[in-house]
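One structure is given below, encoded as structure tokens.
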Amino acid sequence: MEDPSEPDRLASADGGSPEEEEDGEREPLLPRIAWAHPRRGAPGSAVRLLDAAGEEGEAGDEELPLPPGDVGVSRSSSAELDRSRPAVSVTIGTSEMNAFLDDPEFADIMLRAEQAIEVGIFPERISQGSSGSYFVKDPKRKIIGVFKPKSEEPYGQLNPKWTKYVHKVCCPCCFGRGCLIPNQGYLSEAGAYLVDNKLHLSIVPKTKVVWLVSETFNYNAIDRAKSRGKKYALEKVPKVGRKFHRIGLPPKIGSFQLFVEGYKEAEYWLRKFEADPLPENIRKQFQSQFERLVILDYIIRNTDRGNDNWLVRYEKQKCEKEIDHKESKWIDDEEFLIKIAAIDNGLAFPFKHPDEWRAYPFHWAWLPQAKVPFSEEIRNLILPYISDMNFVQDLCEDLYELFKTDKGFDKATFESQMSVMRGQILNLTQALRDGKSPFQLVQIPCVIVERSQGGSQGRIVHLSNSFTQTVNCRKPFFSSW
């Protein structure tokens, strides 16, 4: 599969000077003409017209059971409207693109991030990992989030780290993950939070798609040269410089995940727990949190879940005290003495099950916690959702609203992604009903559940809708189970 082109490289919607047309990165789906039309819902929030559901079902869209739904841009708060900005800014504000009317708290966090960048407190590149990711700070220099630009993903053209380049040169036959859509990790990150939120798992820190611009991001020489040239033109010939669509570096689209404090890698705590077993009440809490991680990873078919990219917070001195409300705010005020945070979800939502070189197993499957059958608590929480066909369809619609914002979006490929996810949900439903354990869950043969051509394409799923279930018989060359 060819890599989809960068979404940040679209020309602006309205005409402009030649300099505007040659800019390296543009805002796809966010043209200036669209700003006049407020968005009915943020990406990942499908707008549902239940009264017209029957009519839509009869219409029978041939491509997907999902409406096209234009996505416009709305402003995040009245405070942003009141902020006065010059006609031409050297670092163009991204607040117009980061609009979250339905989440004022997140909008405020993004506003603080933008203000910090404007005063010279730039995002700091994270040394770990195989892609360009950055700690984003507020004006007080406190880390508030992690930004992962699309163009700097592991297989992106502007990845500042050489790991994947060496991989591509030295071992091209194993380069990339053939089951994933290239350079859509930022959507996978946001999609994982969407699934987590819909199922009320509360283990993924809030993650959304945003736009940011910073001198510390990795840009090519052409973009930096253009930026310097436009700044020089604005300084020397203001009349000409003011005609540019943008002065400064182009904004980058990517995922922004809220930073969580007090967590360490799971590998660290798992070794601790082996030497010093947890008290029974804490052990039950950890088992519940672990099962939530299993459910999330299995549904989205995370292909990159080791014990080093999920986090655990457990501080013994706080066991007898109330956990800081601010630290637990992102888990809907539900207090836990031990808490798991599922980060690094950028390599999920495959369009087929892994069937080439590697199996990409879930490393948690070999932990002792994976041998314990799913608890009654988790079964009661999850089964009512995933056993409801309308809920599953609703989830697919929300993911459609999110994924379609990418310039390289393809409906057929998206439907393949949903077929894999529906198959995972089917297996999970059966495993929960049968009282299986996470280890037994991953041993169930993989299936895909495709919508048949004769199935209804309406917004509401009826029992008459027909799906085709297919067992995935082809296994990877290196298989773990």
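Glycine residues also receive a Cβ, built from the backbone N, Cα and C atoms like all the rest.
Range 126-132 is the one annotated as region 'G-loop', of 126-132, 280-286, 371-377, 413-419 (source: Swiss-Prot). Range 264-272 is the one annotated as region 'Important for interaction with membranes', of 84-92, 192-200, 264-272 (source: Swiss-Prot). From SER12, SER133, SER202, SER227, the position flagged in Swiss-Prot as phosphoserine is SER12. A Cβ distance under 8 Å defines the sequence-distant neighbours of the region 'G-loop' (126-132), meaning residues of its chain 6+ beyond its ends; these are 146, 148-149, 152-154, 156, 158-161, 163-164, 185, 217-218, 346. Mean pLDDT for the domain 'PI3K/PI4K catalytic' (120-451) in this predicted model: 88. Cβ neighbours within 10 Å of GLN257 (ATP binding site), excluding its own Cβ and spanning all shown chains: 24.
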